[in-house]
Every structure is written in C-alpha cells, then in structure tokens.
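Heads up: the structure comes next, in structure tokens.
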C-alpha cells in the first residue's frame, strides 16, 4: 500500500510540474521595460521599440515626436506637451540621472538634425511599478524653452478619463525596431492601428499579467503592425490627441497580442498637477 501511495504522489508532482512548464510565465516573457519597447517588449518589455509594419514619415507629420537620448544614443520616444515639458514612459527614465538625458526634436532622424535639448529633471509617476509596468509615465522638464515650428509642436491631450472607443484608428510613431529582431530604424516611422477593448486585451495577456485601467491596447488580431523595441515612451495619437504612451507587449506585431500603452487619460490630472499643462 505504501508503495502505491508513493507512486501516486510522484505522479501528482510530475503532473503539477508539467502543467507549470506548459503555461507561459507571467513576467518573463515580458519585454523588459527598457528593453521592452525599450527592449523586449514583452517580457513585459519596456525597453524601446521600433515601429513594425509601418511607413517612413517626416517629422512634420508628427511634430510632437522626440527622441529621448541617453549619453547621445537613442533610448526611447516621447511627446512634446508644451515649450518646457515632454511625456515619456517611466521605464525609460527610471534610475537615470537627468544630466545623462537629452531630447532631439524637429528631426526625422534620431541621430542628427533638429535641436538637442538637455533634460533638467524627470518626474516619474509615484505609483509606477516596474514589475507590472503599471503607471508607466514620466514627465521631463527641459533645460531650455522650445521654439515651435512646422517640425516642433505640442500634442493635444485628452480630458481626464476621456474614453477611446474600441476600433478607433490611432497612429504610433518612433525609431524602434522594424522587426521583432534588433534591426532599428534611423528614420522616423509610423503605423496605423486600431484600439482594442480592455476585455479583449485582458484575455490576450491573461498569462502575462493584469491589463490595468492605466493601460490601453492597440493592434490587429492578425498582427503585422506594432511598436517595438526603441519606440517605448513614444506617442499613440488618435483624432489629434495623445491617447497612449508606448509601454510593453509580447514580442512585436505578434498575432493575438496587441501593443500595450500607458493610457494618458487615466493620468491627465497628474500631468496637469506636475507640469501645469
């Protein structure tokens, strides 16, 4: 009898281990925040992403777009809010000295042209969670005021909790990878993607973690178009308003996995209180 019990217990243990291995890790196929569309997107990737399946644009088509530079190398995207403030993702600035950061504006290339402006200070959302990538927002105050032109303009912000209906077409832009691999783009690119309902996005990412109320998803069910590493912190714009900040995702442009963005309307009051915008 004791041998039968031992065999039964061993079978149960093997079954449990096999089941655990068959289910995706909730946090490890995330893209690292800074890898995540910083780097790997999902891995709850937050590193940087490059637009996959998109098209090249001139910066005048997205004059609010900036390249966030870390020691003179492109790290993330960002959006101009006014002549002193830029919004990006918290995973793009966390733990970095502002003196090591600068933003390039008014150029279709992240490595040259336009204007390079230093960052005076960063204000990350106090509730940012690097494990869940929740509240993935960071404000950057610039060292000098910007001069607006056809190539440099602020983006309009939504009202607090202003809704975005599922299926709304939005444009994501950046210099991130043009494939899930590590091939990045020197020239600004964009892609048009439909927003996805909170319910459908939650179902897609059920094994990777919660899609919170501070998140907005966009992408095609069949994949093919998405933000990618290097695009983190960059803009998702719908009807002329900044509705999302590139945050994380599973790979890039993978079927069944829309891109996950920080939902700007959810922190509209925080942006106003900390930047005056």
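Our numbering is plain: 1 for the first residue shown, then up by one each step along the chain.
Note: Cβ is positioned from N, Cα and C throughout, glycine not excepted.
Feature annotation from Swiss-Prot assigns active site, charge relay system to 91 (among others). Secondary structure at residue 91 (active site, charge relay system), taken from DSSP and collapsed to helix, strand or coil, is helix.
DSSP assigns residue 136 (active site, charge relay system) to coil in the three-state reduction, placing it in neither a helix nor a strand. Residues annotated as active site, charge relay system in Swiss-Prot, with similarity to another entry given as evidence: 136 (among others).
Secondary structure at residue 232 (active site, charge relay system), as computed by DSSP, is coil. The feature active site, charge relay system is assigned by Swiss-Prot to 232 (among others).
Taken from Swiss-Prot, the feature disulfide bond applies to 76-92 (among others).
Listed in sequence order, the residues of the same chain lying 6 or more apart from residue 217 (disulfide bond) and placing their CB within less than 8 Å of its CB are 195, 196, 197, 198, 200, 201, 204, 211, 258, 259, 260, 261. Summarising the annotation, Swiss-Prot assigns disulfide bond to 201-217 (among others) and lists sequence analysis as the type of evidence.
Marked as disulfide bond by Swiss-Prot: 228-252 (among others). A sphere of 10 angstroms centred on the C-beta of residue 252 (disulfide bond) encloses 33 other C-beta atoms.
Swiss-Prot lists 51-276 with the feature domain 'Peptidase S1'.
The signal peptide annotation in Swiss-Prot covers 1-19 and rests on sequence analysis.
Counted within 10 Å of its Cβ, the other Cβ atoms near residue 226 (site 'Required for specificity') come to 33, all protein chains included. Per Swiss-Prot, the feature site 'Required for specificity' maps to 226.
For residue 201 (disulfide bond), the Cβ neighbour count at a 10 Å cut-off comes to 22, with all displayed protein chains included. Within the group of disulfide-bonded residues (76, 92, 228), the Cβ with the highest number of other Cβ atoms inside 10 Å belongs to 228. Nearest Cα neighbour of residue 228 (disulfide bond) among the listed recorded positions (76, 91, 92, 136): 76. Neighbours of residue 136 (active site, charge relay system) among the recorded positions 76, 226, 252, defined as a Cα within 10 Å of its Cα, are absent: none qualifies. DSSP assigns residue 201 (disulfide bond) to a helical segment in the three-state reduction. Here residue 226 (site 'Required for specificity') is positioned 11 angstrom away from residue 232 (active site, charge relay system), judged by their C-alpha atoms.
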